[in-house]
RNA sequence: GGCGCCGUACCCAAGUGGUAAGGGAGGGGCCUGCAAAGCCCUUAUUCGCCGGUUCGAAUCCGGCCGGCGCCUCCA
């Protein structure tokens, strides 16, 4: 299939061509594990999962790397502020290491529930300090750094391409005057590569370095780890839109500054935000919802995945409970349709007719067009409801499409799974009672079956049963 | 102050120059012992507003109104 992706670098959609035929190296910015992921964070991981599944579907051999930031970043700019992980540890009475482990586990529990596949490589920042130190040394050798106030800074004036990704303009910065004041910086956009000084005690999280005991700057880990696992240049780098102006901009300066190679990354993809009526969902504002809170309201995690798939990843998506409910209904109806399909045994091997192929092509065109999941979903619906297509083909198409959508639809296509004899007997007894026009007793049995998870529907061909879906 | 995005039916949301996908919700009908499911029909002659370009615009240009994001840790 043909895949076109919107590249933030250049702001243009272009055909995806990997550096090396048949192979893709992809890096996605992972979680900072000092709190639960909120559903806005999760939206980005769902998008990245669709991309990952698409690449696999297209037949590429993929190495997907994701970091886990377990060394905290400061809460504010400059060399003051408090490390988030340390703050969380203090508040919860745990060690920093326990905090990181606890929330890493929680993160993967969420992503598992959302059918988000694990990257080939998941790497922790704290396990790659030597690589980071090495990167700073390389930058130092090439003249991109300066020492001030005990910290090592990146001197962006030595990197002419600085800000290209975000289309930053030197002049823009002045007017707003909202930039943190760090007297040591030569330019407001210079940033710290290695800290040895800060105004708070850093406890366990310090490491030796040529510049003294300290800890890495915020952007270092992604450059160091991505290059360790994917090489000095690779294909795709993803993250949320918020990373464009600072984090990814600085990553580029670090990586290309150290290697002298360009481009470090060929395709930059960014997911837009999930917003609420109170504005952007964020941990600092406290207006965030977690996957667990959705579950507490009776939603299935995949309802949320369906909800996200209903909008394009590059548009802001407005969260509301009503919209989530609509997604839940839609997903249930879809499963309902599928469980009523009853394809014949061995349907998995059914070859697609011309009509079936057309749906598949249409689906791949939608996905190939910068991952248009809303259109892909529309194609799925039309295919599933197409009476002119045999159930076997509809089942095959569903399974194929679901490999990218990840909605666990294959499970819904019950081929002839057997009903427990006891329940089957009830179904049959009820039908006999109906024939005798004893509807009161027949209805009672129908209620009992419903309690036991079986829904009976009467058709001209006799009763039909199915298992209740959640 | 600067950068950028968006405004499509009751709701969510595709479509970005050739005559409005899909889903949800609602209404009517067929079917049914009653249901359920299913099926059929139905809800935008129109895409925030005003101009312009064009044979032709929701789609391009300009202005206005409204919503949002970023420039600071952030998905």
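Here, residue 1 is simply the first one shown, and the rest follow in order.
A Cβ is built for glycine as well, from the same backbone N, Cα and C atoms used for every other residue.
TrEMBL labels come from automatic prediction, so no person has curated them.
Annotation comment: TrEMBL describes A:16-328 as domain 'tRNA synthetases class I catalytic'.
Among the features that TrEMBL reports, Zn(2+) binding site is placed at A:29, A:222, A:247, A:251. Under DSSP, residue A:222 (Zn(2+) binding site) is assigned to a helix (H, G or I) in the three-state scheme. Sequence-distant neighbours of residue A:222 (Zn(2+) binding site) (same chain, 6+ residues apart, CB-CB distance under 8 A): A:27, A:29, A:67, A:247, A:251.
As annotated by TrEMBL, motif ''HIGH' region' applies to A:31-41. Assigned with DSSP, the residues of the motif ''HIGH' region' (A:31-41) fall into helix, strand and coil as follows: 3 helix, 2 strand, 6 coil.
For the motif ''KMSKS' region' (A:280-284), the residues of the chain that approach it from at least six positions outside its boundaries are 35, 38-40, 273-274, 319, judged by C-beta separation under 8 angstroms. Per TrEMBL, the feature motif ''KMSKS' region' maps to A:280-284.
Cβ neighbours within 10 Å of residue A:283 (ATP binding site), excluding its own Cβ and spanning all shown chains: 16. Classification of residue A:283 (ATP binding site) by DSSP places it in coil, neither helical nor stranded. Annotation comment: TrEMBL describes A:283 as ATP binding site.
In terms of DSSP helix, strand and coil, the domain 'Cysteinyl-tRNA ligase anticodon binding' (A:417-465) has 28 helix, 10 strand, 11 coil. Annotated domain 'Cysteinyl-tRNA ligase anticodon binding' per TrEMBL: A:417-465, in sequence order.
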Packing count at residue A:251 (Zn(2+) binding site) (other Cβ atoms within 10 Å of its Cβ): 25
Site of maximum Cβ density within 10 Å, from binding-site residues A:29, A:247: A:29
Zn(2+) site shell beyond A:29, A:222, A:247, A:251, criterion: Cβ within 8 Å of Cβ centroid: A:219, A:221, A:223, A:237, A:239, A:243, A:248, A:250
For the motif ''HIGH' region' (A:31-41), distant same-chain residues with Cβ under 8 A (at least six beyond the ends): 68-70, 72-73, 84-85, 87-88, 99-100, 102-104, 106-107, 110, 240, 273-274, 280-283, 288-292, 294, 304, 319
